[in-house]
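Read the structure below first, then the notes.
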Amino acid sequence: MTTELAPAPGPERPAGAMPPGRFPGRLAYRLAVPPVSGVLSPRLLGVCAVLAAGTFAVFWVGISVGDISLPLPDVLRALAGAGDPGTRLIVHELRLPRAVAGLLVGIAFGVSGALLQTMTLNPLASPDMMGITQGAGTAVVASIVLGWDFGPGTQFMGLLGALTAAVLVYVLAWKRGTTGYRIVLVGVGVAWICTSATDYLMAHGRQFEAQAALGWLVGNLNGRTWQQIGPLALTLAVLLPAALLLGRQMRTLQLGDDVARGLGTRVQTVRIAVLVCAVGLVAFGTATAGPVAFVALAAPQIAQRLAGTAFPPPVASGLAGAFVVLVSDLAARKLTPGTELPVGIVTGALGAPVLLWLLVRANRAGSGG
């Protein structure tokens, strides 16, 4: 007579948890409502925490520093509605809108760059390189030259211009479907067309409007108002969750279109959805602060290198974008005493070496042509 011994029961797993050991070094999760599952990397969580802490610190420094330096306790009292009336005016009407605009614009550009780079499998893909930013810029410059004030009208024009450029890129890149490589190449051509149109509008506009458009085209956070920030905040509230929900489908695109279709991914539908999210973020970010150069290109690559992931993580990319914009704006205010540089000049100076590094890296890997 033999007796079979049953294995001792292991510790009970909480509802929704995935089997241990299936994802070593990762934290797996499954949510019932909405039906979402995935794997979190402790390193990625740590990177997001560090970037969030750094962004938070620079945000408060940006509110405190200026022509008149304000101690942090005075800033906190002003935010609570107490303290000196002059301090409240400086904080509520000047520095806080500028800091919030920099935060939201950086998040929008960082996430949009991550979406496009993941969709195209190309680290050089960004709204700056694909004509989307230029399309929004051309439309906004047209509205400025026509004499419109900054506000909902210019933001709507920015969205219209970005959508037009994106549709043009997608249609011209279509050949029994699209590929990331064709989208990038066509996007570069559309970017040059939009840049030429912007130059024409600047040359034929009246001097006052042309000067206003020129200051905006560099990328500027100075003088931002709550009215300009509101539409961008609403856009982020809608499109950020959509971008996160698209993450799993985007990862299957890295396996190639045929494999992705075999796994049940609707390749062209996913690409269109990603493009719509990226365009919306870029359009309202550009309409708020102008085409702040290189943030959408550099922030996803910074986040990817820090997190050690195979693709730019959207949340970390957004935080990296916010950090880059806020640090650049702080530097723009302090680099030249008595004069404030537009934030786009500083981000351009920081982003150009990143672009050169990516080009050299792509050539060494045999993918740069």
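Cβ coordinates come from backbone N, Cα and C, glycine included.
Features as listed in TrEMBL:
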| type | residues | note |
| --- | --- | --- |
| TRANSMEM | 44-63 | transmembrane segment |
| TRANSMEM | 99-117 | transmembrane segment |
| TRANSMEM | 154-173 | transmembrane segment |
| TRANSMEM | 180-198 | transmembrane segment |
| TRANSMEM | 226-246 | transmembrane segment |
| TRANSMEM | 272-299 | transmembrane segment |
| TRANSMEM | 311-331 | transmembrane segment |
| TRANSMEM | 343-360 | transmembrane segment |
CB contact flag for the transmembrane segment (226-246) and the transmembrane segment (343-360), at least three pairs under 8 A: no
Range from 44-63, 311-331, 343-360 with the greatest count of C-beta pairs under 8 A to the transmembrane segment (272-299): 343-360
Highest-contact recorded stretch vs the transmembrane segment (180-198), from 44-63, 99-117, 154-173, 311-331, 343-360, CB pairs under 8 Å: 154-173
Intrachain residues whose Cβ lies under 8 Å of the transmembrane segment (154-173), provided they are six or more past its termini: 127, 130-140, 142-144, 148, 179, 182-183, 185-187, 189-190, 194, 228, 231-232, 272, 275-276, 278-280, 282-284, 286-288
Per Cβ pairs under 8 Å, the stretch of 44-63, 99-117, 343-360 packing most closely against the transmembrane segment (311-331): 99-117
